[in-house]
Amino acid sequence: IASLVMYLFAEFDDAANLLAANPDATTISIDEPVEIPKNQHGRLPEPGREEDDELLGTDDSDKTELLAGQKKSAPFWTFEYYQTFFDVDTYQVLDRIKGSVFPVPGKNFVRLYIRSNPDLYGPFWICATLVFTIAVSGNLSNFFIHLGKPTYHYVPEFRKVSIAATTIYAYAWLVPLALWGFLMWRNSKVMNIVSYSFLEIVCVYGYSLFIYIPTAILWIIPQKVVRWVLVMFSLCLSGSVLVMTFWPAVRDDNRRIALATVVTIVLLHALLAVGCLAYFFDAPEMDFPAPIIPAHNGTTVITKSQ
């Protein structure tokens, strides 16, 4: 026992000498319990379900949406509340436009471009540009069709601007509102229905209309075959964006309801494109009154215009 006590004192003296030589040294007591990191228990993600979890709003996407909701704490009647809907830069808008023009098969437009920061800046200006593009192109198309006819007098039709604005903005807001209400109703009956916010749906519809801006400019070409080829091409591109976005939202629903929903979305989109083409560009030929040419003998001669 005496030798053990002498050994412990010798060890203590050595430690004291080392501590005196290096005062900044860190000491560890053997009596302190070692802190063991807690194991985080959770289910392992199943392969192939990452995109579905993102669309369904599970895992990290719930936290992202909650944090995004906490940031929008301003009352809805203040300017700061609506300012968040226009908080995007040029690169984000151009990237979303590119995604709507060149859709990637199997990729969801909301998950790739919209969910991180849905905006109203792009959809608002895309719709405004499309309104004036259709109205101006429609007037120019009418001018070129009747150009060279002696009985034709060009009069700009400004009412086309108001008609185009009513049609485009009603489609870009009322159809997403109806679709959002339908998805919320189905979500209360089928738990696997994807929950899109109203702002996300408006954003998708707004960016999907961008392809019609260059199409409306090319509709000036007075060839019906060219116009219908252009409208079908544009409809396939923009319609594929809508189908690839909203099919995952309804694919777990009843098969007939899911197919009917997607078909309705495509038909309404086609109705907008075909209706704009038929009303603003494929107007029927106008019958102009024949000019009255006075004769030298005091009588008038009415010429028939061909």
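The backbone N, Cα and C atoms fix where each Cβ goes, glycine too.
Whatever TrEMBL says is automated annotation, not expert-curated.
Small disclaimer: the values here were computed from a predicted structure and weren't measured.
Lifted from TrEMBL, the feature list:
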- 35-60: region 'Disordered' (REGION)
- 49-59: compositional bias 'Acidic residues' (COMPBIAS)
- 101-273: domain 'Yip1' (DOMAIN)
- 120-141: transmembrane segment (TRANSMEM)
- 161-185: transmembrane segment (TRANSMEM)
- 197-222: transmembrane segment (TRANSMEM)
- 228-250: transmembrane segment (TRANSMEM)
- 257-281: transmembrane segment (TRANSMEM)
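Ranked by number of Cβ pairs under 8 Å to the transmembrane segment (228-250), the listed stretches 120-141, 161-185, 197-222 are led by 197-222. When pLDDT values are averaged over the domain 'Yip1' (101-273), the model yields 89.
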